[in-house]
């Protein structure tokens, strides 16, 4: 009798373990980790992905990270007379928890973003100028726009509050198979609607005036994304959040996060250009034929290749930016036509010709940054004094009136245009680049899953392009790759996560 009971208990225990392994990620039986993972692109997305993949798959996985240019990607710097200045992504929001965690884990130092007073120029006059006094700024804003600035702040806060849910989801290891499903999990149909409507349409419907949109909102879009209020409403909200106080940067340059993550992930950097990726059947050391991805790349004039279990593409699939070909996939990998915005960053060390913007004497000008409206005939999007990446404080007052100014423009500035902007200048350096997507809603985001074990990070940029967005996309892709490798389907695309996790508190 005792033997029968023991066998029955043993059978029930076995059944329970089987059921648990099918439905419980904590108790699930894990597959052996992959042997090799390739990541293409060593910007913030690629290096973040390497960091998270190492955390999930463990120390024995070999991770190769391909980069044809410098580690850091679009987090580039420019040199002016021996000093480095941020060329692109320069400020980080205090609620960007991924970037904050990276800086803490890597032991990096931070600096507060350059301050100073800001003005808005409409092509004829400064329609708004900041004051050193907070109460004066409030009076100016209320006098000109009523309480629209307060309403705008509340609108952005509401979007950010919902967006912050992603950190809780990812802390519980939940992943999403598409950008749309990720956004829907955060803000439901409202967030998807924002992706498919212009910022202008959204804010007009909310009752904001044309004057406020042209003078307060459009200039922010022009400086952050080189575009107008015709961008989608979601990226518009992300852009407006960058107007908050408490913005910061990494001392020494934001690109140090990328090199730090690369080192922390113990990945192998391959300084080469990936030419194509092809799925092939290969016999592994176990003796079983396995589907793998052959990555063919070029170092100098030499062409090489290697095989990988998982591949993450962390560079825009744009012919002008990566030019990767996908060979012999069935079905074929979809081609994306995500155009990227051409922008030119120019750094000039010189004395600003303030008479362009104001009739006040040069010593009474007082503004550190000037943004422009859409209907401005001026050939720049913005101009502002910048600190080098090593400076912990704002630049000291100049004894000769010269500062380093950063200018964003749609086209390369001519010498005549620089001479119009400056009374005199000592040095000028420019960087034309494809900095972020050209937003034209409705937006259809590229797939995250390109093939069985082939993933694409940069589709998140169709919603919004920012350092934090890339880090979040990298974490999501790493979780997605891990769960799909281990067949944890219950950790992907789960409905009702907000309510579910709220009840677990």
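From the backbone N, Cα and C atoms, a Cβ is placed for every residue, glycine too.
In the structure as shown, the Cβ atom of residue 196 (N-linked glycosylation site) sits within 10 Å of 14 other Cβ atoms. Per Swiss-Prot, the feature N-linked glycosylation site maps to 196 (among others).
The Cβ of residue 323 (N-linked glycosylation site) lies under 8 Å from the Cβ of 275, each of which sits 6+ residues away along the same chain. Feature annotation from Swiss-Prot assigns N-linked glycosylation site to 323 (among others).
Annotation source Swiss-Prot lists N-linked glycosylation site at 353 (among others), citing sequence analysis. Using a 10 Å Cβ-Cβ cutoff, residue 353 (N-linked glycosylation site) registers 14 neighbours.
Residues annotated as signal peptide in Swiss-Prot: 1-27.
DSSP assigns residue 196 (N-linked glycosylation site) to coil, not to a helix or a strand. Cα separation, residue 353 (N-linked glycosylation site) to residue 196 (N-linked glycosylation site), rounded: 41 Å.
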